[in-house]
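Right, one structure below, let's go through it.
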Amino acid sequence: MSVLSSRTGRDRQRYDNNFRLVSGCIPYRLMKADETEEDSGVDFVNKLEVLMVSSPNRHDLVFPKGGWEDDETVLEAASREAIEEAGVKGILRELPLGVWEFRSKSSTVEDECLGGCKGYMFALKVTEELEDWPERKNRERRWLTVKEALELCRYEWMQRALEEFLRVMEDERRLRTEEETVHDSSKLEEESQIDPWYCFVVN
């Protein structure tokens with residue numbers, strides 16, 4: 001039996017210009033590379049996995065998300081949904097991947113009259129997977145490659161969020177690689193005892 005419980009009802013639901021505000025995340029992990037493998041861009045994408053969960057009473061897959069309530073920040077809401085729906089904890093990036101307007105297939109008549117939903121999505125680096133979580137009986141979780149997730153993702157707006165997630169992750173990897181190259185070059189210069197007056201960096 002789960003110690004935690006999911007929030008229910010919409011008494012504390014936030015709205016913005018008739019849009020129901022939703023917060024969610026893309027939980028991810030990076031599989032460890034084989035020491036003999038080169039760290040190419042293709043290898044990086046293949047090692048990147050995202051966690052999806054099934055919808056209640058259906059077999060389609062989605063990312064954890066739910067209503068953003070008035071007693072929590074948008075980041076707290078995303079973290080809460082990750083625990084409630086997927087049973088994962090981790091490091092949530094403060095900068096959202098984006099904000100998407102959509103109409104949920106499970107929307108109530110009230111939502112349809114108001115104007116649908118506005119979803120904030122974040123990237124969550126998973127550090128812990130819980131064996132038991134609030135919605136374990138109603139949801140299955142699956143680790144997938146980004147390519148698999150794009151094919152199985154039910155909603156178009158979530159596909160766009162996943163594409164943005166991949167772009168951000170690839171940009172960060174590229175930046176890290178460039179920084180490591182600069183660091184290695186600097187170390188080599190020091191070991192070669194090159195006069196620093198003859199060294200310069202082009203930005």
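Here the Cβ of each residue, glycine as well, is placed from N, Cα and C on the backbone.
Classification of GLU81 (Mg(2+) binding site) by DSSP places it within a helix. The Cβ of GLU81 (Mg(2+) binding site) lies under 8 Å from the Cβ of SER23, GLY24, CYS25, PRO64, LYS65, GLY66, each of which sits 6+ residues away along the same chain. The Mg(2+) binding site annotation in Swiss-Prot covers GLU81, GLU85 and is backed by similarity to another entry.
Residue counts for the domain 'Nudix hydrolase' (18-166) under DSSP, split into helix (H, G, I), strand (E, B) and coil, are 44 helix, 54 strand, 51 coil. Per Swiss-Prot, domain 'Nudix hydrolase' is recorded for 18-166, and the stated evidence type is sequence analysis.
What Swiss-Prot records for 66-87 is motif 'Nudix box'. With a threshold of 8 Å between CB atoms, the same-chain residues lying at least 6 positions outside the motif 'Nudix box' (66-87) that come near it are 4, 6-7, 10, 12-14, 20-25, 27, 51, 53, 94, 96, 120-122, 124, 129-136, 139, 141.
Taking Cβ-Cβ distances under 8 Å and a sequence separation of 6 or more, the neighbours of GLU85 (Mg(2+) binding site) in its chain are SER6, VAL53, PRO64, LYS65, GLY66, TRP133, PRO134, GLU135, ARG139.
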